[in-house]
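Record features (TrEMBL):
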- Cys27, Cys63, Cys92: [4Fe-4S] cluster 1 binding site (BINDING)
- Cys159, Cys163, Cys166: [4Fe-4S] cluster 2 binding site (BINDING)
- 18-128: domain 'MTTase N-terminal' (DOMAIN)
- 145-383: domain 'Radical SAM core' (DOMAIN)
- 386-451: domain 'TRAM' (DOMAIN)
Amino acid sequence: MLPTPDPAPARAAGRAAPRISFVSLGCPKALVDSERIITRLRAEGYEITRKHDGADAVVVNTCGFLDSAKAESLAAIGDAMAENGKVIVTGCMGAEPDAIRERYPNVLAVSGPQAYESVMAAVHEAAEPLHDPFLDLLPPQGIKLTPRHYSYLKIAEGCNNSCSFCIIPRLRGRLVSRPVSEVLREAEKLVTAGVKELLVVSQDTAAYGLDLGYPMQPHGDREVRAKFIDLARELGSLGAWTRLHYIYPYPHVDDVVPLMAEGLVLPYLDIPFQHAAPNVLRAMKRPGKQDRTLDRIAAWRGVAPDLVLRSTFIVGFPGETEEDFQILLDWLTEAKLERVGAFKYEPVAGAPAQALDLPAVPRELQQERLDRFMAHQQAISARLLAKKVGRRMPVIVDAVGPGGAVGRSKGDAPEIDGKVHLQHRFPVRVGDIVTARITGADAYDLHGTVV
Ligand code: SF4
(Lines of atoms letter the chains of each structure in order from A and count residues from 1; the text may use other names and numbers.)
(Lines give C-alpha, C1' and ligand atoms only; values in the text may rest on other atoms or scores of the structure.)
Protein backbone atom coordinates (compact mmCIF):
# COMPACT_ATOMS: atom_id res chain seq x y z
CA MET A 1 0.00 0.00 0.00
CA LEU A 2 1.33 3.46 -0.84
CA PRO A 3 1.38 6.36 1.56
CA THR A 4 -1.72 8.46 1.26
CA PRO A 5 -1.92 12.19 1.84
CA ASP A 6 -2.97 13.35 5.27
CA PRO A 7 -6.75 13.43 5.62
CA ALA A 8 -8.37 16.77 4.92
CA PRO A 9 -9.78 18.38 8.03
CA ALA A 10 -13.37 17.31 8.60
CA ARG A 11 -15.90 19.99 7.77
CA ALA A 12 -16.59 22.14 10.75
CA ALA A 13 -20.34 22.17 10.29
CA GLY A 14 -23.00 19.80 8.99
CA ARG A 15 -22.37 16.27 7.84
CA ALA A 16 -18.82 14.96 8.21
CA ALA A 17 -16.90 14.44 4.98
CA PRO A 18 -17.26 10.90 3.63
CA ARG A 19 -14.06 8.90 4.06
CA ILE A 20 -12.48 6.72 1.41
CA SER A 21 -9.65 4.35 2.13
CA PHE A 22 -7.33 3.89 -0.85
CA VAL A 23 -4.96 1.05 -1.73
CA SER A 24 -2.61 1.62 -4.68
CA LEU A 25 -0.71 -1.37 -6.06
CA GLY A 26 1.47 -1.79 -9.13
CA CYS A 27 3.79 0.25 -11.27
CA PRO A 28 4.35 4.02 -11.57
CA LYS A 29 1.72 4.15 -14.32
CA ALA A 30 -0.85 2.77 -11.89
CA LEU A 31 0.41 5.29 -9.33
CA VAL A 32 -0.46 8.09 -11.76
CA ASP A 33 -3.99 6.66 -12.06
CA SER A 34 -4.23 6.58 -8.26
CA GLU A 35 -3.14 10.21 -8.05
CA ARG A 36 -5.80 11.21 -10.57
CA ILE A 37 -8.55 9.36 -8.68
CA ILE A 38 -7.44 10.76 -5.31
CA THR A 39 -7.31 14.26 -6.81
CA ARG A 40 -10.91 13.85 -7.99
CA LEU A 41 -11.98 12.46 -4.61
CA ARG A 42 -10.38 15.33 -2.72
CA ALA A 43 -11.81 17.85 -5.19
CA GLU A 44 -15.27 16.50 -4.40
CA GLY A 45 -14.76 16.71 -0.66
CA TYR A 46 -13.92 13.13 0.25
CA GLU A 47 -11.41 12.50 3.00
CA ILE A 48 -8.69 10.01 2.19
CA THR A 49 -7.91 7.75 5.10
CA ARG A 50 -5.22 5.17 5.76
CA LYS A 51 -7.60 2.77 7.56
CA HIS A 52 -10.27 0.59 6.00
CA ASP A 53 -12.05 0.36 9.33
CA GLY A 54 -14.52 3.25 9.62
CA ALA A 55 -14.19 4.34 5.96
CA ASP A 56 -17.34 4.73 3.86
CA ALA A 57 -15.76 2.66 1.10
CA VAL A 58 -12.40 1.29 -0.03
CA VAL A 59 -10.91 1.76 -3.51
CA VAL A 60 -8.32 -0.88 -4.48
CA ASN A 61 -6.24 0.05 -7.56
CA THR A 62 -4.92 -3.35 -8.61
CA CYS A 63 -2.01 -4.65 -10.66
CA GLY A 64 -2.52 -7.55 -13.06
CA PHE A 65 0.86 -7.78 -14.75
CA LEU A 66 2.13 -11.05 -13.25
CA ASP A 67 0.34 -13.85 -11.46
CA SER A 68 2.13 -12.86 -8.25
CA ALA A 69 0.81 -9.29 -8.67
CA LYS A 70 -2.69 -10.66 -9.21
CA ALA A 71 -2.38 -12.71 -6.03
CA GLU A 72 -1.29 -9.57 -4.17
CA SER A 73 -4.25 -7.67 -5.64
CA LEU A 74 -6.72 -10.40 -4.61
CA ALA A 75 -5.23 -10.42 -1.10
CA ALA A 76 -5.64 -6.63 -0.86
CA ILE A 77 -9.27 -6.93 -1.98
CA GLY A 78 -9.77 -9.71 0.61
CA ASP A 79 -8.35 -7.52 3.39
CA ALA A 80 -10.61 -4.64 2.37
CA MET A 81 -13.66 -6.93 2.24
CA ALA A 82 -12.87 -8.32 5.69
CA GLU A 83 -12.14 -4.96 7.31
CA ASN A 84 -14.73 -2.83 5.55
CA GLY A 85 -16.95 -4.77 3.12
CA LYS A 86 -17.65 -1.87 0.70
CA VAL A 87 -14.95 -2.33 -1.90
CA ILE A 88 -14.50 -0.76 -5.34
CA VAL A 89 -11.89 -2.47 -7.52
CA THR A 90 -10.12 -0.75 -10.40
CA GLY A 91 -6.80 -0.97 -12.31
CA CYS A 92 -5.16 -3.61 -14.46
CA MET A 93 -6.66 -6.62 -12.73
CA GLY A 94 -10.06 -4.99 -13.03
CA ALA A 95 -9.87 -5.93 -16.71
CA GLU A 96 -10.60 -9.49 -15.50
CA PRO A 97 -13.82 -8.92 -13.55
CA ASP A 98 -14.75 -12.63 -13.52
CA ALA A 99 -11.58 -13.59 -11.63
CA ILE A 100 -12.40 -10.97 -9.00
CA ARG A 101 -16.12 -11.67 -8.69
CA GLU A 102 -15.49 -15.41 -8.47
CA ARG A 103 -13.52 -14.82 -5.24
CA TYR A 104 -15.38 -11.76 -3.97
CA PRO A 105 -18.91 -11.68 -5.41
CA ASN A 106 -19.93 -8.79 -3.16
CA VAL A 107 -17.45 -6.15 -4.34
CA LEU A 108 -19.39 -3.00 -5.22
CA ALA A 109 -17.84 -2.36 -8.64
CA VAL A 110 -15.01 -3.55 -10.88
CA SER A 111 -13.42 -1.40 -13.58
CA GLY A 112 -10.22 -1.55 -15.64
CA PRO A 113 -7.26 0.85 -15.76
CA GLN A 114 -7.88 4.59 -16.26
CA ALA A 115 -11.61 4.13 -15.64
CA TYR A 116 -11.77 7.30 -13.54
CA GLU A 117 -15.43 7.97 -14.31
CA SER A 118 -16.51 4.44 -13.33
CA VAL A 119 -14.58 4.66 -10.06
CA MET A 120 -16.10 8.03 -9.22
CA ALA A 121 -19.60 6.79 -10.07
CA ALA A 122 -19.13 3.79 -7.76
CA VAL A 123 -17.81 6.04 -4.99
CA HIS A 124 -20.80 8.40 -5.38
CA GLU A 125 -23.12 5.42 -5.04
CA ALA A 126 -21.36 4.14 -1.92
CA ALA A 127 -20.99 7.52 -0.22
CA GLU A 128 -22.65 10.66 -1.51
CA PRO A 129 -20.17 13.57 -1.79
CA LEU A 130 -20.43 16.71 0.29
CA HIS A 131 -21.12 19.89 -1.61
CA ASP A 132 -18.74 22.49 -0.34
CA PRO A 133 -17.31 25.20 -2.60
CA PHE A 134 -14.23 25.53 -0.39
CA LEU A 135 -13.23 22.03 -1.37
CA ASP A 136 -12.44 23.29 -4.88
CA LEU A 137 -9.42 25.03 -3.42
CA LEU A 138 -7.05 22.29 -4.43
CA PRO A 139 -3.45 22.89 -5.27
CA PRO A 140 -3.37 23.34 -9.07
CA GLN A 141 -1.00 20.40 -9.59
CA GLY A 142 -3.51 18.01 -7.97
CA ILE A 143 -2.79 15.59 -5.17
CA LYS A 144 0.47 13.66 -5.43
CA LEU A 145 1.41 10.39 -3.78
CA THR A 146 5.10 10.95 -4.50
CA PRO A 147 7.15 13.41 -2.41
CA ARG A 148 6.74 17.01 -3.43
CA HIS A 149 10.09 17.36 -5.19
CA TYR A 150 9.56 14.69 -7.85
CA SER A 151 6.56 13.64 -9.86
CA TYR A 152 5.61 11.02 -12.41
CA LEU A 153 4.27 12.42 -15.66
CA LYS A 154 2.25 10.01 -17.77
CA ILE A 155 2.40 10.93 -21.46
CA ALA A 156 0.51 8.06 -23.08
CA GLU A 157 -1.39 4.89 -22.34
CA GLY A 158 -1.29 1.48 -24.02
CA CYS A 159 1.21 -0.17 -26.33
CA ASN A 160 1.34 -1.29 -29.98
CA ASN A 161 4.09 -3.89 -29.42
CA SER A 162 3.41 -7.56 -28.87
CA CYS A 163 6.10 -8.89 -26.52
CA SER A 164 5.01 -12.45 -25.93
CA PHE A 165 5.32 -12.40 -22.11
CA CYS A 166 3.19 -9.28 -21.70
CA ILE A 167 -0.55 -8.71 -21.44
CA ILE A 168 -0.35 -4.92 -21.16
CA PRO A 169 -1.57 -4.33 -24.75
CA ARG A 170 -4.57 -6.58 -24.00
CA LEU A 171 -5.23 -4.88 -20.66
CA ARG A 172 -4.56 -1.29 -21.62
CA GLY A 173 -5.17 -1.34 -25.35
CA ARG A 174 -3.20 0.22 -28.16
CA LEU A 175 -1.11 3.37 -27.79
CA VAL A 176 -3.07 6.54 -27.03
CA SER A 177 -0.87 9.62 -26.62
CA ARG A 178 -2.01 12.62 -24.60
CA PRO A 179 -2.08 15.91 -26.51
CA VAL A 180 1.29 17.64 -26.26
CA SER A 181 -0.13 20.83 -24.76
CA GLU A 182 -1.93 18.85 -22.03
CA VAL A 183 1.31 17.10 -21.06
CA LEU A 184 3.30 20.33 -21.13
CA ARG A 185 0.68 22.24 -19.13
CA GLU A 186 0.71 19.54 -16.46
CA ALA A 187 4.52 19.58 -16.41
CA GLU A 188 4.61 23.38 -16.16
CA LYS A 189 2.16 23.33 -13.23
CA LEU A 190 4.23 20.71 -11.45
CA VAL A 191 7.45 22.68 -11.89
CA THR A 192 5.74 25.89 -10.78
CA ALA A 193 4.51 24.03 -7.68
CA GLY A 194 8.07 23.11 -6.74
CA VAL A 195 8.67 19.77 -8.45
CA LYS A 196 12.38 19.45 -9.24
CA GLU A 197 12.31 16.18 -11.15
CA LEU A 198 9.85 14.90 -13.76
CA LEU A 199 9.74 11.13 -14.28
CA VAL A 200 8.28 10.59 -17.72
CA VAL A 201 6.33 7.33 -17.92
CA SER A 202 4.04 5.40 -20.23
CA GLN A 203 4.02 1.80 -21.42
CA ASP A 204 6.09 2.80 -24.46
CA THR A 205 7.51 6.28 -23.91
CA ALA A 206 9.59 6.51 -27.10
CA ALA A 207 6.50 5.76 -29.22
CA TYR A 208 4.84 8.98 -28.03
CA GLY A 209 2.81 10.59 -30.82
CA LEU A 210 2.93 7.59 -33.20
CA ASP A 211 -0.84 7.04 -32.88
CA LEU A 212 -1.48 10.69 -33.70
CA GLY A 213 0.82 10.76 -36.74
CA TYR A 214 3.27 13.18 -35.04
CA PRO A 215 1.21 16.33 -35.73
CA MET A 216 2.19 19.89 -34.84
CA GLN A 217 -0.13 20.84 -31.97
CA PRO A 218 -0.81 24.28 -30.51
CA HIS A 219 0.82 25.08 -27.19
CA GLY A 220 0.37 28.67 -26.03
CA ASP A 221 1.26 30.96 -28.91
CA ARG A 222 3.34 28.40 -30.80
CA GLU A 223 3.21 24.84 -32.07
CA VAL A 224 5.03 21.77 -30.78
CA ARG A 225 5.30 18.45 -32.59
CA ALA A 226 3.66 15.55 -30.69
CA LYS A 227 6.78 13.37 -30.92
CA PHE A 228 9.07 11.81 -28.33
CA ILE A 229 12.14 13.89 -29.18
CA ASP A 230 10.25 17.20 -29.35
CA LEU A 231 8.43 16.46 -26.10
CA ALA A 232 11.70 15.51 -24.38
CA ARG A 233 13.27 18.80 -25.52
CA GLU A 234 10.29 20.83 -24.32
CA LEU A 235 10.15 19.09 -20.94
CA GLY A 236 13.90 19.46 -20.55
CA SER A 237 13.68 23.21 -21.05
CA LEU A 238 11.30 23.67 -18.07
CA GLY A 239 14.21 23.77 -15.63
CA ALA A 240 13.52 20.52 -13.75
CA TRP A 241 15.40 17.26 -14.09
CA THR A 242 13.69 15.19 -16.80
CA ARG A 243 14.10 11.43 -16.55
CA LEU A 244 12.88 9.08 -19.29
CA HIS A 245 11.46 5.69 -18.33
CA TYR A 246 10.31 2.60 -20.27
CA ILE A 247 12.07 3.25 -23.55
CA TYR A 248 11.67 0.57 -26.23
CA PRO A 249 14.93 0.51 -28.21
CA TYR A 250 13.56 2.00 -31.48
CA PRO A 251 16.23 3.43 -33.82
CA HIS A 252 15.04 7.01 -33.17
CA VAL A 253 16.00 6.68 -29.49
CA ASP A 254 19.52 7.60 -30.73
CA ASP A 255 18.22 11.14 -31.36
CA VAL A 256 17.49 11.82 -27.68
CA VAL A 257 21.09 11.21 -26.57
CA PRO A 258 22.39 14.60 -27.88
CA LEU A 259 19.75 16.26 -25.63
CA MET A 260 21.43 14.46 -22.73
CA ALA A 261 24.84 15.72 -23.82
CA GLU A 262 23.40 19.25 -23.93
CA GLY A 263 22.14 18.85 -20.35
CA LEU A 264 18.48 19.28 -21.33
CA VAL A 265 17.41 15.78 -20.33
CA LEU A 266 19.03 13.64 -17.62
CA PRO A 267 21.71 11.31 -19.05
CA TYR A 268 19.63 8.31 -18.07
CA LEU A 269 17.86 5.80 -20.27
CA ASP A 270 15.60 3.14 -18.85
CA ILE A 271 15.46 0.51 -21.59
CA PRO A 272 14.14 -2.93 -20.62
CA PHE A 273 16.34 -5.09 -22.88
CA GLN A 274 14.78 -8.29 -21.38
CA HIS A 275 17.48 -10.66 -22.73
CA ALA A 276 20.45 -10.87 -25.09
CA ALA A 277 20.31 -14.33 -26.66
CA PRO A 278 18.77 -14.16 -30.17
CA ASN A 279 16.69 -17.33 -29.62
CA VAL A 280 15.11 -15.99 -26.46
CA LEU A 281 14.54 -12.52 -27.89
CA ARG A 282 12.84 -14.08 -30.90
CA ALA A 283 10.54 -16.10 -28.65
CA MET A 284 9.86 -12.96 -26.63
CA LYS A 285 9.10 -11.07 -29.88
CA ARG A 286 11.65 -8.41 -28.95
CA PRO A 287 14.26 -6.76 -31.23
CA GLY A 288 16.81 -9.54 -31.72
CA LYS A 289 20.15 -7.97 -32.70
CA GLN A 290 21.78 -7.36 -29.33
CA ASP A 291 25.28 -7.27 -30.87
CA ARG A 292 24.13 -4.18 -32.78
CA THR A 293 22.72 -2.84 -29.52
CA LEU A 294 26.25 -3.00 -28.05
CA ASP A 295 27.44 -0.77 -30.92
CA ARG A 296 24.57 1.62 -30.25
CA ILE A 297 25.38 1.76 -26.54
CA ALA A 298 29.02 2.55 -27.38
CA ALA A 299 27.87 5.31 -29.76
CA TRP A 300 25.51 6.77 -27.11
CA ARG A 301 28.34 6.85 -24.60
CA GLY A 302 30.52 8.56 -27.20
CA VAL A 303 27.93 11.35 -27.41
CA ALA A 304 26.96 11.49 -23.69
CA PRO A 305 29.85 10.02 -21.64
CA ASP A 306 27.92 10.29 -18.34
CA LEU A 307 24.98 8.29 -19.67
CA VAL A 308 23.57 5.81 -17.15
CA LEU A 309 21.66 2.86 -18.58
CA ARG A 310 19.03 1.09 -16.51
CA SER A 311 17.48 -2.11 -17.73
CA THR A 312 15.46 -5.13 -16.68
CA PHE A 313 15.83 -8.73 -17.78
CA ILE A 314 13.78 -11.90 -17.59
CA VAL A 315 15.66 -15.10 -16.79
CA GLY A 316 14.30 -18.61 -17.24
CA PHE A 317 12.06 -17.77 -20.20
CA PRO A 318 10.65 -20.94 -21.84
CA GLY A 319 13.28 -22.54 -24.03
CA GLU A 320 16.21 -20.60 -22.46
CA THR A 321 19.22 -22.94 -22.59
CA GLU A 322 22.41 -22.73 -20.55
CA GLU A 323 24.08 -21.41 -23.69
CA ASP A 324 21.44 -18.67 -24.07
CA PHE A 325 21.91 -17.73 -20.45
CA GLN A 326 25.68 -17.56 -20.88
CA ILE A 327 25.17 -15.25 -23.89
CA LEU A 328 23.18 -13.00 -21.57
CA LEU A 329 25.94 -12.90 -18.94
CA ASP A 330 28.60 -12.23 -21.59
CA TRP A 331 26.45 -9.47 -23.06
CA LEU A 332 26.11 -7.86 -19.63
CA THR A 333 29.91 -7.94 -19.26
CA GLU A 334 30.24 -6.10 -22.56
CA ALA A 335 27.35 -3.68 -22.10
CA LYS A 336 28.40 -2.55 -18.60
CA LEU A 337 24.92 -1.34 -17.68
CA GLU A 338 24.93 0.72 -14.52
CA ARG A 339 21.51 -0.26 -13.14
CA VAL A 340 19.93 -3.63 -13.70
CA GLY A 341 16.94 -5.51 -12.34
CA ALA A 342 15.99 -9.11 -13.13
CA PHE A 343 12.95 -11.31 -12.70
CA LYS A 344 12.27 -14.99 -13.08
CA TYR A 345 9.85 -15.63 -15.93
CA GLU A 346 6.33 -16.17 -14.65
CA PRO A 347 3.60 -17.46 -16.93
CA VAL A 348 0.85 -14.87 -17.21
CA ALA A 349 -2.62 -16.05 -18.14
CA GLY A 350 -3.55 -14.67 -21.55
CA ALA A 351 0.02 -13.81 -22.60
CA PRO A 352 1.05 -15.20 -26.03
CA ALA A 353 4.09 -16.88 -24.39
CA GLN A 354 1.67 -19.36 -22.83
CA ALA A 355 1.05 -20.83 -26.26
CA LEU A 356 4.73 -21.20 -27.19
CA ASP A 357 5.77 -24.75 -27.84
CA LEU A 358 8.94 -24.40 -25.76
CA PRO A 359 10.07 -26.29 -22.66
CA ALA A 360 9.58 -24.50 -19.35
CA VAL A 361 12.71 -23.87 -17.31
CA PRO A 362 12.30 -25.63 -13.92
CA ARG A 363 11.78 -23.26 -10.99
CA GLU A 364 15.00 -24.30 -9.19
CA LEU A 365 17.01 -23.66 -12.35
CA GLN A 366 15.28 -20.28 -12.79
CA GLN A 367 16.30 -19.36 -9.23
CA GLU A 368 19.85 -20.58 -9.76
CA ARG A 369 20.16 -18.48 -12.94
CA LEU A 370 18.66 -15.45 -11.23
CA ASP A 371 21.22 -15.77 -8.41
CA ARG A 372 24.07 -16.09 -10.91
CA PHE A 373 22.74 -13.14 -12.89
CA MET A 374 22.52 -10.91 -9.80
CA ALA A 375 26.01 -11.86 -8.57
CA HIS A 376 27.45 -11.21 -12.06
CA GLN A 377 25.76 -7.82 -12.35
CA GLN A 378 26.59 -6.84 -8.78
CA ALA A 379 30.31 -7.10 -9.57
CA ILE A 380 29.81 -4.94 -12.70
CA SER A 381 27.80 -2.37 -10.75
CA ALA A 382 30.40 -2.21 -7.96
CA ARG A 383 33.22 -1.64 -10.49
CA LEU A 384 31.29 1.13 -12.26
CA LEU A 385 30.36 2.88 -9.01
CA ALA A 386 33.95 2.67 -7.69
CA LYS A 387 35.02 4.79 -10.69
CA LYS A 388 32.84 7.62 -9.39
CA VAL A 389 34.80 8.00 -6.16
CA GLY A 390 36.56 11.36 -6.11
CA ARG A 391 34.13 12.99 -8.56
CA ARG A 392 31.81 15.90 -7.79
CA MET A 393 28.21 15.57 -8.86
CA PRO A 394 24.79 17.09 -8.28
CA VAL A 395 22.58 15.12 -5.90
CA ILE A 396 18.87 15.65 -5.26
CA VAL A 397 18.02 15.25 -1.57
CA ASP A 398 15.18 12.81 -0.81
CA ALA A 399 15.43 12.58 2.98
CA VAL A 400 17.25 14.29 5.84
CA GLY A 401 17.82 12.61 9.19
CA PRO A 402 20.03 12.83 12.24
CA GLY A 403 22.73 10.62 10.64
CA GLY A 404 22.92 12.64 7.40
CA ALA A 405 20.94 13.01 4.21
CA VAL A 406 20.02 10.56 1.48
CA GLY A 407 19.73 11.58 -2.14
CA ARG A 408 20.15 10.46 -5.70
CA SER A 409 22.54 11.34 -8.51
CA LYS A 410 21.33 12.06 -12.05
CA GLY A 411 21.85 8.33 -12.67
CA ASP A 412 19.43 7.15 -9.98
CA ALA A 413 15.66 7.08 -10.32
CA PRO A 414 13.63 7.04 -7.12
CA GLU A 415 12.57 3.69 -5.68
CA ILE A 416 14.35 1.51 -8.24
CA ASP A 417 17.99 2.65 -8.35
CA GLY A 418 20.75 3.35 -5.84
CA LYS A 419 21.17 6.17 -3.37
CA VAL A 420 23.84 8.68 -2.39
CA HIS A 421 24.38 8.78 1.39
CA LEU A 422 25.47 12.29 2.28
CA GLN A 423 27.27 13.92 5.17
CA HIS A 424 26.74 17.66 5.39
CA ARG A 425 28.05 20.43 7.61
CA PHE A 426 25.42 22.95 6.52
CA PRO A 427 21.65 22.40 6.65
CA VAL A 428 20.12 20.75 3.59
CA ARG A 429 16.43 20.28 2.86
CA VAL A 430 14.42 17.66 1.02
CA GLY A 431 14.26 18.68 -2.64
CA ASP A 432 17.56 20.62 -2.60
CA ILE A 433 19.95 19.83 -5.41
CA VAL A 434 23.40 19.97 -3.80
CA THR A 435 26.91 19.29 -5.07
CA ALA A 436 28.52 16.27 -3.45
CA ARG A 437 32.08 14.97 -3.51
CA ILE A 438 31.91 11.18 -3.72
CA THR A 439 34.06 9.57 -1.06
CA GLY A 440 33.05 5.91 -1.26
CA ALA A 441 31.01 3.33 -3.12
CA ASP A 442 29.56 -0.12 -2.51
CA ALA A 443 27.69 -2.50 -4.82
CA TYR A 444 24.66 -0.25 -5.35
CA ASP A 445 25.09 3.03 -3.43
CA LEU A 446 27.49 5.97 -3.28
CA HIS A 447 28.68 7.86 -0.21
CA GLY A 448 29.69 11.50 -0.26
CA THR A 449 30.02 14.87 1.40
CA VAL A 450 28.09 17.99 0.48
CA VAL A 451 30.56 20.68 -0.66
S1 SF4 B 1 6.75 -2.87 -25.03
FE2 SF4 B 1 6.35 -3.18 -22.82
S3 SF4 B 1 4.14 -2.83 -22.56
FE4 SF4 B 1 4.50 -3.12 -24.76
S5 SF4 B 1 4.12 -5.30 -25.12
FE6 SF4 B 1 6.35 -5.08 -24.75
S7 SF4 B 1 6.63 -5.37 -22.53
FE8 SF4 B 1 4.43 -5.04 -22.90
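Numbering starts at 1 and runs along the chain as it is shown here.
Each residue, glycine too, has its Cβ placed from N, Cα and C.
Curation plays no part in TrEMBL annotations; they are all automatic predictions.
Shown on the structure are the features that TrEMBL records.
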residue: Cys27; record: [4Fe-4S] cluster 1 binding site; DSSP (3 states): coil
residue: Cys63; record: [4Fe-4S] cluster 1 binding site; DSSP (3 states): coil
residue: Cys92; record: [4Fe-4S] cluster 1 binding site; DSSP (3 states): helix
residue: Cys159; record: [4Fe-4S] cluster 2 binding site; DSSP (3 states): coil
residue: Cys166; record: [4Fe-4S] cluster 2 binding site; DSSP (3 states): coil
(message) For ligand 1, list the binding-site residues among Cys27, Cys63, Cys92, Cys166 whose CB atom is within a distance below 6 Å of it, in sequence order.
(response) Cys166
(request) Starting from each candidate's C-beta and looking 10 angstroms out, tell me which of the binding-site residues Cys63, Cys92, Cys159, Cys163 has the most other C-beta atoms. (result) Cys92
(request) Might you list, by sequence position, any residue in that chain lying six or more from Cys27 ([4Fe-4S] cluster 1 binding site) with a Cβ less than 8 Å away from its Cβ? (result) Cys63, Phe65
(request) Determine the Cβ neighbour count for Cys166 ([4Fe-4S] cluster 2 binding site): the number of other Cβ atoms within 10 Å of its Cβ. (result) 23
(request) Measuring Cα to Cα, tell me the gap between Cys159 ([4Fe-4S] cluster 2 binding site) and Cys92 ([4Fe-4S] cluster 1 binding site) in whole angstrom. (result) 14
(request) Run through the domain 'TRAM' (386-451) and tell me, per DSSP, how many residues are helix, strand and coil. (result) 1 helix, 33 strand, 32 coil
(request) With DSSP as the yardstick, break the domain 'MTTase N-terminal' (18-128) down into helix, strand and coil residue counts. (result) 55 helix, 22 strand, 34 coil
(request) Starting from the [4Fe-4S] cluster 2 site formed by Cys159, Cys163, Cys166, give every other residue of that chain whose CB sits within 8 Å of the mean position of their CB atoms, in sequence order. (result) Asn161, Ser162, Phe165, Ile167, Ile168, Pro169, Gln203
(request) Express the distance between the Cα positions of Cys163 ([4Fe-4S] cluster 2 binding site) and Cys92 ([4Fe-4S] cluster 1 binding site) as a whole number of Å. (result) 17
(message) Rounded to a whole angstrom, what is the C-alpha distance between Cys92 ([4Fe-4S] cluster 1 binding site) and Cys166 ([4Fe-4S] cluster 2 binding site)?
(response) 12
(request) Kindly state the mean pLDDT of the domain 'MTTase N-terminal' (18-128) in the predicted structure. (result) 87
(message) Can you give me the residues near the recorded [4Fe-4S] cluster 1 site, meaning same chain, not Cys27, Cys63, Cys92 themselves, Cβ no more than 8 Å from the center of the site's Cβ atoms?
(response) Leu25, Gly26, Lys29, Ala30, Thr62, Gly64, Phe65, Ala69, Gly91, Met93, Pro113
